[in-house]
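K.L.:
The domain 'Thiamine pyrophosphate enzyme N-terminal TPP-binding' annotation in TrEMBL covers 31-136. Residues annotated as domain 'Thiamine pyrophosphate enzyme central' in TrEMBL: 229-339. Per TrEMBL, domain 'Thiamine pyrophosphate enzyme TPP-binding' is recorded for 438-558. Residues or ranges marked as Mg(2+) binding site by TrEMBL: Asp469, Asn496, Gly498.
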Amino acid sequence: MEDSSNMINGNNNPCSNKVVGFPTEGGNKSTIGHHIARRLVEIGVKDVFTVPGDFNLGLLDYLVAEAEINLIGCCNELNAGYAADGYARCKGVSACVVTFNVGGLSILNAIAGAYSEDLPVICIVGAPNSNDNGSQRIIHHSIGIPDFSQELRCFQPVTCHQAVVKNLDDAHELIDTAIASALRESKPVYISIASNLVAIPHHSFIDDPVPFYLTPKLTDQNCLEIAVEATSEFLNKAVKPVMVGGPKLRMAKASNAFMRMVDASGYPFAVLASAKGMVAEHHPNFIGTYWGQISTPFCAEILHSADAYLFAGPVFNDVITLGFSLPFKKEKAIVVLPNQVMIPNGPTIGCVSMKSFFEALTTRLKRNTTAFDNYKRIHVRNGLLIHPNPKEDLRINILFLHIQKMLSRDTAVIAETGDTWFTCQKLKLPQGCGYECQMQYGSIGWSVSATLGYAQAAPHKRVIACVGDGSFQMTAQEVSTMLRCGQNCIIFLINNGGYSTEIQIHDGPYNVIKNWDYAGLVEKIDNGEGKCWTTKVHCEEELTEAIKMAMERKKSCLCFIEVIVENGDTSKELIVLGSRLAAFSGRPPKDN
């Protein structure tokens with residue numbers, strides 16, 4: 001019998017499932033399975049999140065055999081999708097593999113979130129045998145009819161491209177086109193592959209495939225000049241111009257170009273809440289988050305007194321606008337989207353990439369520090385909190401004072417949907433510190449699995465996740481995958497006894513949840529393996545000791561800190577947003 005120690009590949013990654021003897025180990029590489037594995041490596045995907053099912057097992061064999069891919073098995077498909085979302089935020093692209101229907105429809109919610117947040121997630125689904133298409137056979141995992149297209153129809157609205165591979169002749173083109181679409185559009189794609197085709201050799205899949213080439217989106221130079229001329233004229237004649245960064249900066253890959261424009265112009269700049277982490281908050285001209293009534297102190301005053309704005313990649317949804325109540329004047333706003341520029345009281349100019357536009361505009365703007373000088377005149381540093389006795393019950397604002405001190409270029413913050421949107425928004429990010437939230441889609445529970453994905457993509461950073469108890473109950477089991485992968489994340493579980501966000505919008509008995517022993521649960525998930533450290537804190541004194549332990553003695557393992565706070569301890573910003581959303585959602589129907 002072969003020595004079992006030789007059965008395991010020499011990969012040191014604790015998530016690795018490498019076993020010798022799988023298809024690409026000396027076998028024929030002219031297959032769909034090998035082609036997909038190599039394409040994923042080529043575009044920068046090193047970790048693939050999956051749940052095995054009978055229709056994707058053959059493809060998983062090829063991913064296991066690929067030396068440069070770690071296959072990470074998740075507890076369920078929804079969590080695998082959230083993990084791919086978090087990975088794509090850090091790496092720029094990600095992949096997940098699930099099985100037909102029961103896997104595909106389960107992961108669908110996560111893919112919809114990735115679509116809303118402009119993340120290129122390649123979702124691969126193992127499909128039934130190609131011979132069963134059109135055969136009138138009813139297959140398991142279907143909805144009981146011989147039509148297998150319902151999964152495809154569900155994915156169409158939440159992906160930018162769909163590829164259904166049912167024969168080998170066009171498989172190469174379908175797969176490459178889908179991957180290219182994900183990267184070009186910065187959106188998820190759906191690839192369905194019949195299970196019986198994965199290992200069959202075909203002449204189009206050669207051992208050394210043609211290098212992957214992504215056709216760039218081109219900027220029309222005439223349109224660019226018109227847009228730059230109109231914008232520079234508009235901004236240069238303004239007395240107090242300002243700039244605001246938005247979430248589309250990510251998909252346009254224009255954050256650095258935006259910051260160079262800020263440097264050259266001298267304008268003060270803010271960020272929409274959904275774009276936190278996409279601009280340099282350590283820059284001296286940064287004035288905080290623009291969020292109407294709940295903006296960073298003195299930020300809204302500067303924005304509302306400006307006579308010209310440049311919004312870079314904004315999305316003005318109901319949350320960001322507090323129920324569409326932002327008072328800035330649209331006739332004074334230049335709005336720059338990834339491929340077009342909107343001139344106030346003028347044309348919308350297309351075929352202009354945001355990055356190219358900012359680079360050209362930078363050289364044409366006159367330096368103007370008037371608005372920033374005004375900010376410096378009115379700005380007063382935040383006063384010190386009335387500090388309680390360190391043995392008194394812990395408050396949320398005290399917790400985040402301590403989290404602020406933990407941040408550095410070697411950390412990243414993952415903020416769950418809910419009140420953590422507001423408390424984390426107040427954190428001042430040091431240079432190089434990562435930050436992610438899902439503010440457009442707002443699916444509660446997202447942060448737990450997104451932390452798994454982000455941490456896997458950024459092993460050099462200590463990921464700090466802030467999640468409420470209600471959200472954690474949605475996806476708690478994925479902590480087990482973090483432990484299996486040997487991650488050293490720090491999770492702050494804020495236990496306030498229920499859905500505090502929903503309480504502020506519309507209270508009712510349904511907002512109360514069963515209290516768990518959260519720290520005890522995570523310890524049980526570890527199952528005595530010693531890969532995590534858990535604790536509960538009730539006061540500042542205990543919190544201080546817990547953070548010290550997590551940052552020093554337990555810095556190499558996952559740390560789970562359950563923070564016990566009062567049920568009504570919420571931010572004033574959540575109270576404002578809750579009342580605005582309640583009023584917005586409760587508008588009576590219009591008369592016909």
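Each Cβ is built from the backbone N, Cα and C atoms, and glycine gets one as well.
Give me the local environment of each listed feature.
P.N.:
Residue counts of the domain 'Thiamine pyrophosphate enzyme central' (229-339) by helix, strand and coil are 40 helix, 24 strand, 47 coil (DSSP-based).
Around Asp469 (Mg(2+) binding site), taking its Cβ as the centre, 23 other Cβ atoms fall within 10 Å, counting all chains.
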K.L.:
List, in sequence order, the same-chain residues at least six positions removed whose CB sits under 8 Å from that of Asn496 (Mg(2+) binding site)?
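P.N.:
Non-local contacts for Asn496 (Mg(2+) binding site): Gly468, Asp469, Val565, Glu566, Asn567, Asp569, Thr570.
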